C-alpha cells in the first residue's frame, strides 16, 4: 500500500543519484527474496496513553488485532479501552515500575499469541534488554535490532559511532560517569556550562545544566535520580553545554535490506527544562546546504549501524550554522506527527510493514519520492501551570472540549470528561497538530484550535502556547533553545474565565454544605421572585445630577437651598437594608429595580447606595466587588445623585489609614460615579472630619459634613451634648467649606421638640447652607421628627421605601410624601410610584429571610431613648443575643450597653465607636459584670481589644476627654496616641501594592482593586480567592445564591449580554473516601459534574493539613507528588532559598526551597509521603 502522495522530484540530482547507487549496492547483498515476509496478526503496545492509541489506530487500519497492557493505576485509562484485548501487568508495583517490568510484558505476549510488540516512546522503548527479551521469546520487536538499540540507546557509544562516521559531536565523556568526581574533572577540563544527560533515555528526564561548582553536586544527584526513576538506570554522561543552539532532528526510516531514507527535519528548539513544547516541520529558515549536511549525516550514520525501522538523529546547530550530533533516538518520537503531516507518510504503518519484512521500495518509500508539503506544528498540551513554573497539576477533568476543524489533528488518550490525571505519569494531555501552506498559516490554525479548547478541573499550558504562537520571533524569524527563557512576556498569561464550571462548583458546594455566607437564623429564602414594575423605554427624565454636573458642587448646593418643597434622600439601597437585613442585599436585586427608580424618582435629592458597611460586606459575605456595584448602578441611574458614607479619616474602614489613602479612595470613588460624600466621625472629632472633607473636596465631590447626634438638646438636664455644642461644631464645619450640613441621628434619638430646637438654631445661624437630616425609626417617632425638622428649615430628610422602613431603618417614604402633599413642603414624589416601589421590595425582602431582623425582633422599642443603640447595631445585637442563647436576656444586653456607654464617658455612638460600646456591653453580660465591678477591677480584667485601642486613642479623642481613672487603670503603661491617629502614618505606596497584587492575582488588577486591598487587605485577599474558585456568583439570583437549586430544578443564568447558561440540577452522589460528594448537573444540554468536599463529613475524617497562605513559615507542596528526600530536620537552622525537600511528580523532580530564614519547628512529611497541592511540608519559625 502506498503511504505517501507522490510529488515532483527534488533538485540536486547528482547527490540523489549517488545515494541511489549506494542503496542499490547495499541491497544487492540482501534482496527481498532472501527474507521471509511474515505478516503480523496481533500487536501489543508496551506503553500507555496517546502513543498506545496511535499504534492501535494504525493496526486497526491494517487489519491487525491489538493488545494493551496497563498498570493497576491505569484501569480507567482510555488506551485500555481502545485495544481489542487488555491485560494487567505489574501487580503490586509502583505505577512506573509496572511498565518497566519486562517479565510480565513478555508473559502476557506469549500467553495471548502476540506476534509483535511496539514499545512506543519512553519506558522500555530504548532498552536493548527489552528488545532482546522479545527476540528470545519469539516475539518481534517493532524497532531496530537489539544490537542497534544497544549501540544507539547508549549515548556514549552512539557518540563514538558518530565520530567514526565523521559526524561532528559536542565535547563529552566517552562513557557514563560513575562518580561526582568525574564530573568535577570534566568541568575542570572543558569549563562551564556543562550538561548531565541520562545515558539510557531521553525526553528531558535526567538532564540538568550546571553553570558553576556550587550547583554541581545537587544537579548530579537530581539528574541521577530522575534517570533512575524514568529509565530504570541512573547512568549519566557529561557534555559541554552549547549556548543558545537550535535543536534540529532528522527523521530516518530503514528496512531489513539496508535501505535508509530520511523524511527531512523537525525544529524542536522551543523547550523548557529540556523538554520539547512546540515542534515544527520543516525547520523554518534553515539553510539548504545545512539541511543537506544534516540529512546526509543522519542517513550515513544509520547505514553504518544497519539501522532498521523508525528513528531520529538529533543535532544542535549553533549560531554560526555548525551542527553537532547529540544522540539517536531508536524509537518513534512524540513529535513524529509533524513529519507525517508534511510528507504524507504514516510512520507507524511503515514501522509495522518493515517489521513484517517489507522493503522501503516495496512501500513506495524512496528518497526521491519524499518531498515537503507545507508546514506542520505540534503543540503538547500538558496539565502544567505555566504561572507556577510549569508545575504539574493533577485531578479530575471536569470539562473537556477540544478544538477541531480543517488542518487540525488531535492525538490524545486521557483527554475526556471525568478522566483523572495522576501524578505518576507524564503530564501530556493531548497533542495538537496543525497543518498549513506555511508557518504563519499553520500557527493561525493552531491558535484558533487552542482557543476552542475548554479544559476544566486541571490547569493546562494552553495560555502559554497561545502566547508562543502569537510571538513575532516564532512566526517570522528563528528560535533557539533559550527562546522561552528570553521571552518572559510569554508568561503574561491571559486568564481563562471558566465561569460556568466555577458556578457549578459554587452551586454544588451550596447544595452539599449549605449557604457560603453566614446565616443568622435558620430560615429559607422565599421561592417567589419580585416583579419589577413596568418602566418606560427611552432615557430617564433629568434630575439633580444634571445640575451637579453642569454647575459643580457649589452650584448644586445653591440649587438645593433654593428648591421649593422638601427633598428626600432614599436609603433603601444602603442604610435601610443595613439596618433591617444585615447589609446583605445583593447588587442583583438592586439592579433590577434601578431603572424604575431612575425613571420615577428623578426628583430625589440623592440615593444613598454605597460606602459604610456595604463596602466590606459586599466582598466579605456577598462575594461581590463593591466598585462593580457602583459602576453598574451608575449606568442604570444616570440622573439621580449618589451619596456615600465616608468615615472621615477612616474612609470606609474601621481603622486609621495614611492620609494619601483617604484622598486616593475619594478620587477613585468620584471617577466611578459617586457624587456626594457624607463625611462623619464616630466621635465628632474635628481633625478626622476635616481630613475626610478635604479628600472629598479634592476629588471634586459634594462635601456633606455630618454631625453625629446623641443625647437630647430639649432636655436641660443633659448638658454634655447641648445645643451650643452642636452649633459650635457646625460653625467649624461651615468654616472648613462644607457644601451641605447634615445631622446624623444614628440611634433615632431626635424627638420632634429637639428637632425644632436644633434645626431651627442651625437654620438661623446658617441661612444659606442646605441642611440634611438622617435618623432611624427605632422608637417609632421618626416620621414626626422628620416633619418637625422640615418645618424648622431642613432642606432634605432621609427616608426608606415603605416595605423597607420603620423599626431600626429610616422613616417611611410614603408617610412623608403623604403628610407633605399639598403643603409648602410637598416632595413632588408620586405616591402611586411609591406603592409600586414598595411592592417590589416587599417581595424582595422575602429573599433575605435568613437575615431579616423580624425573625427575632417584632417591633421597634422606645427604650432606645435610654440605651441610645444605633439602628443597625440594635439589629445586629438582637441577632447576636439570640445566636448566643441570650435572646431572653436581650433586655440585659441593652441595659449593659447603656452602662458600658457611661463607663466610656458617654460617647457619640456611630461605627466604630458604637461597636466599642457594644463589645464592652457583651463582655459585661458574658462575665456577669456590673458597671461598678468593671470600674473596680479595671486594672485586672482582659478587655476586648477594641476597648483598649479606643482608650489608647486609636479612633481619636472623645468630646470631654477620656474617662479617668478608668483609662489609666486599663492601659497602665501601654502607649497612648496624641492627636489625630492617622497623622503619623507614612504614605501608602500604591505602586508597590499594585505590583504585589499583580504578582498574587495576575494582571487583571484594576485601580479599584488596589483601593479595596488598601482598605481591607485580608478581606480582599479572601474575596479574590473565592472568585478564583467560584467565579461570578453575582449573576445568580438570590435564592440560588443562598440555598442552591433543588434536585430536578431548571434555571437560567445570564453571564453577560448574549451569554446565558441553561442549568438543571440532577443529583447528589454518595460520600467517597476523600470526603467528597459528586454533584451532577446538566449544563446547556451536556452532563457536568463537580466534586464537593462535605465539610460536615470532613470533620470526622483525617486528612493531611494544608499550608496556610498567610502564614509565612508554613511551607506547602507546590504541586501534587511524592517526597523523594527530606533535607532538613526539626531544630535545624535554614537560610532563605535553602533546599528543604525534593518532590517528584510525573517523573520530574522539583526542589522545594525555604521562603524565609529561620528554625525548622516541625516536619510533616517523610520520604515516600504522597502529597496533594498545598499540603503542609514543614513549618519554619523566624
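Every residue gets a Cβ built from N, Cα and C, even glycine.
What TrEMBL records for this protein:
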type     : residues           : note
DOMAIN   : 39-489             : domain 'Biotin carboxylation'
BINDING  : 155, 239, 274      : ATP binding site
ACT_SITE : 331                : active site
DOMAIN   : 566-835            : domain 'Pyruvate carboxyltransferase'
BINDING  : 575, 744, 774, 776 : Mn(2+) binding site
BINDING  : 647, 911           : substrate binding site
MOD_RES  : 744                : N6-carboxylysine
DOMAIN   : 1112-1181          : domain 'Lipoyl-binding'
MOD_RES  : 1147               : N6-biotinyllysine
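Fewest other C-beta atoms within 10 angstroms, among the binding-site residues 155, 274, 647, 744, 776, are seen around 274. A separation of roughly 14 Å, to the nearest angstrom, links the Cα atoms of residue 155 (ATP binding site) and residue 331 (active site). Of all the Cβ atoms in the protein chains shown, 28 others lie within 10 Å of the Cβ of residue 331 (active site). Each residue in 172, 195, 196, 197, 198, 207, 237, 326, 327 lies on the same chain as 155, 239, 274 and has a C-beta within 8 Å of the C-beta centroid of that ATP site, without being one of the site residues.
Residues 571, 745, 746, 775, 798, 810, 871 surround the recorded Mn(2+) site, their Cβ atoms falling within 8 Å of the Cβ centroid of 575, 744, 774, 776, which are themselves excluded. With every protein chain in view, the residue among the binding-site residues 239, 575 whose Cβ has the most Cβ partners within 10 Å turns out to be 575. Most other Cβ atoms within 10 A: among the binding-site residues 774, 911, that distinction falls to 774. Closest to residue 776 (Mn(2+) binding site) in space, going by CA atoms and restricting to the recorded positions 239, 274, 331, 647, 911, is 911. The CA atom of residue 744 (Mn(2+) binding site) is located 12 Å away from the CA atom of residue 911 (substrate binding site). Cα distances from residue 911 (substrate binding site) to the recorded positions 239, 331, 575, 774 are smallest for 575.
Residue 274 (ATP binding site) sits 60 Å from residue 575 (Mn(2+) binding site), counting Cα to Cα. The two recorded residues residue 647 (substrate binding site) and residue 575 (Mn(2+) binding site) have their Cα atoms spaced 14 Å from each other. Per DSSP, the domain 'Lipoyl-binding' (1112-1181) is made up of 0 helix, 39 strand, 31 coil.
You'll find the Cα of residue 575 (Mn(2+) binding site) roughly 73 Å from the Cα of residue 239 (ATP binding site).
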